[in-house]
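Step one of this worksheet: look at the structure below.
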Amino acid sequence: MDHQVRRRNSNGNSSPTSNSNSNTTATNNSNSMSNSNSNSNSNYDQRSRPSPQNVAPRSGSYRNTSPTRENSHSQQQQQQRPRGPPSQPAPAPLFAQPPPPQSSAGYSQQTYGMGPGPQYPAPPPSQMSQGPYQPMGQSPIGQFPGPPPPPQQFAYPPGSGGYVPAQPLYGPVMVPVNMPPPNMFADPRLGASINNIQIDQRVLNVATKKVVKKVELTKEGNLVLEIPVPDRVLQLGEFKTGEEFTQMRYTAATCDPDDFHRGGYVLRQQELKRQTEVFIVVTMYNEGDELFCKTMMALMRNIAYLCKRSRSATWGDQGWQKVVICIVSDGRTKIHPRTLNVLGLMGVYQDGIMKNKVSDKDVSAHIFEYTTQLGIDQDMNISGAQQGIVPCQILFCLKEKNAKKINSHRWFFNAFGALLRPNVCVLIDVGTKPSESSIYHLWKAFDKNPNIGGACGEIYAELGYGWKNLLNPIVASQNFEYKMSNILDKPLESAFGFISVLPGAFSAYRYAALQGVPLQQYFKGETMHGGSNIFQANMYLAEDRILCFELVTKSKSSWLLRYVRAAKAETDVPDSIAEFISQRRRWLNGSFFATLHALINWSLIYRSDHSVFRKFAFTIEFIYNFISLAFNWTGLANFFLAFYFLMDPSNPVVLQQYDPVTGGVTSDRVIYALGPMGKDANGKECTPAMQQLANNSCTFSLNQLFTTLLTSGYIASIVLIFVLSLGNRPQGSKWTYFVIMILFAIIMAVLLYLGIFAVYAVVLYSKAKLSASGQTGTWDSVKFLFGIGLFRDIVASLASTYGMYFIASFLYLEPWHMFTSLIQYLLLLPSYVNILNVYAFCNLHDVTWGTKGDNTAGAELGVAKMSKDGSKDVAEVEVPSDRKDINTGYDKHIASLKQPRENEKKKRDAKTKQEDYFKNFRTSVVIWWLFSNGLLVAALSTSWIKNYLYAAMNLHGDVGMTADSSINPYLKFIFYANVGLSGVRFLGSLVYLLTQGIFG
């Protein structure tokens, strides 16, 4: 049956044309397709440099270059639609072979389906066309009526006016004029999932044909190839012409990152004379396609948001031309194969192009450049222009060897940044998912304040659908930790102007501010991990802290660091004990030594050009950091002493009953948190004094048994943690750590009960004494209550600490973590203090990032041999022979991604052999840490010091504490120190809120 397809002729008019190949066979179709591409081989020669004029004008929502209203924009849309035939042959249907002979020969260039190949009859696009359906053959998913003839009048779906659902995967879509855009998911069997894409399985087993071609080198001797992209890459995009859309560029870099610009290498943005406003780097190692797609799709949505800022002087419809995404993968043999398939699907990568050597020089990095118009999410759904995806300039750097993350940043800053000279650089890790407007808010902070040198947003834990991840206590505790850090810590440091760490997973820097000393000091960490100075090696485990310190103290500069609360990003957090401990080992060791470095060199702030007030504020912040570091150092002893004093002697409280008339004491009543200490022969409860005198008439009670078991279990757990940390990896001792964490959770639950009991007892007493005092005024009653020692020391300190948490969370309009994650955090707090700190200090000698350096070459890729072609230097390279082979390689990427993801088990690497000096340093630090904490515990728990402390508490009657007395002086000191530190954080968060409200 002949179908008529309306095409646009060279004059821009549309006229019906019949399918000239309606009676030919599938073989003739494929032959004609091959003939139409007979000259495609010439595309491999070095092409002329593109210019801005070579880029076709955009249609739809990105064509208008001036801020206009939405109605005027829609009126211009049809006028700005490109007219005339395309400058190159129309690509084949997206993800499909040429259409069957009985169907129409041409497809619309605006919307494309992902239809079956010649071997499969095409199902209908959806119930969008007019006219009766006629049955046709059997399809893979059942009987479907054939596509009806197109209507006499039709138009393409508009590119603006709201969100358009994902493209269907079968057949073209034609919409009648003056009708609203159709629902692309009208048929639930049609969806934008890669699993619905049908490809010819026969071509997948055919080896790609390659031919040897001579490619002229640049005048500097660099190998640069311009490779045509597969036909189907362009079909969901808005641009069909322009070299950045039709050609993928491959550059074989044979130099060090610092010599990249001196080596004569050129990027496309330079040739197009585009100013890069935001330069984004995505660093990855061996992460899978799910994490990669999550991050990339989020970044593409951010670029689309920038293009929607039509009234901005910087952004607008063409804003995508000012953003470049640089993907740096650490090691060619380490990258996940499915991640490469995703990049191939986007048109950024092709197999069979890379080379190991150019002449006699080893290739250090494989650089791919392409402006993609396809977005792929983590569910393998494909989006194009109709789904709001704008072109994204991609710079993919695949390093030949694994050389760590700092080396990846050196490629980004010193190699590519030196050529593009961006305004703002954004650092993000694979797996981090920024919200739609996060990049804009980070950039806006730099745009509004020229003194800002670095900024970071809020990173929050990925909680899953319905917050299901909170069922895991480890995830819930990290969620609370992240939230409170973003509510108290980051705002406090932002108010001072110096943030101790801008997280490398999501942060931004002004490129001009980093030049000079900051980047020089930052890149020292690339060689520190294998050097002889273990202090600096551990310090550079937190290299982002070093960069922040060097930026703020930069000579003759006054750069500030800011926290941008509106910029949010989601990240995946460890959900297992082993991963959690391993991650925190690097964090704790790096932050400890980096903070120590900042405190030792705090005087460097006076070499900067900050104002006197700002330098004074920095000094106050350094004092605060010193106090916090001291508490972290003695955290092991502080937690044990709190447990020891609260458990012994089972926390008795003597409640005194007062006569409301005379105010005298009428009776005493001793109550215990865990029950009485025992009973004597007459059945009388033993008092703490009798217990301390070891009166044999007191029987042993369950109280004593429970207290003894918990104390012994606590000490045994500490010893076991040291043994495990010195000789075992967390991955090999998961169940042992699990049992220890359960025991610590029980201990913390008991301590919480003791604290609640103490508050309850003190409130009872304070209420009785207040009633006996006759105080009636509110202010007088408050002063009276704070004059009572136990009320002031216990109730006020605990209420102020946790009260500030609640108040600050409500002020920031984010209180939910207080109800969903606080209990889990408190129960795991002993594990934070004991397990994480012990494991970190016992592994100071391990200065690796969890991955080893790779100094060997991977699989052979081939050599670009040098030769002379007249007076020109050329390289002989093997490349795919024609466009058919390029399309076949594209189908192979699709076939690989259609396979389900494997649940890969992480392999255990061999233990890294460290130098004796590193281990000796580790041993010295651990001994000093244990000695200082042990001395503190011994000094405060010996009998004579203990008796002195109790004697100083104004005890009543027996040794039991009266409600008039203060609690243990050491606990009192700990309580008030905690209140003070929390108060400083709370004050800083209030200052941040006020400044944000006033200055924005």
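Positions of Cβ are set from backbone N, Cα and C atoms, glycine also.
Copied over from TrEMBL, here are the features:
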type     : residues : note
REGION   : 1-160    : region 'Disordered'
COMPBIAS : 10-43    : compositional bias 'Low complexity'
COMPBIAS : 49-69    : compositional bias 'Polar residues'
COMPBIAS : 83-102   : compositional bias 'Pro residues'
COMPBIAS : 103-113  : compositional bias 'Low complexity'
DOMAIN   : 210-277  : domain 'Chitin synthase N-terminal'
TRANSMEM : 626-647  : transmembrane segment
TRANSMEM : 705-726  : transmembrane segment
TRANSMEM : 738-764  : transmembrane segment
TRANSMEM : 784-813  : transmembrane segment
TRANSMEM : 925-945  : transmembrane segment
TRANSMEM : 973-994  : transmembrane segment
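With pairs at least 6 apart in sequence, the transmembrane segment (626-647) and the transmembrane segment (925-945) have 3 or more Cβ pairs within the 8 Å limit; the two touch. Outside the transmembrane segment (626-647) by six or more residues, the chain places 592, 595-596, 599, 707, 710-711, 714, 718, 747, 750-751, 754-755, 830, 833-834, 837-838, 929, 932-934, 936-937, 940-941, 968, 970-971, 974, 977, 981 with a CB less than 8 A from a CB of the stretch. The list of residues near the transmembrane segment (973-994) in space but at least 6 beyond its ends in sequence, with Cβ under 8 angstroms from a Cβ of it, reads 487-489, 491-496, 563, 624, 627-628, 631, 638, 641-642, 793-794, 797-798, 800-801, 804-805, 807-808, 811-812, 967. Taken residue by residue, the domain 'Chitin synthase N-terminal' (210-277) breaks down under DSSP into 15 helix, 20 strand, 33 coil.
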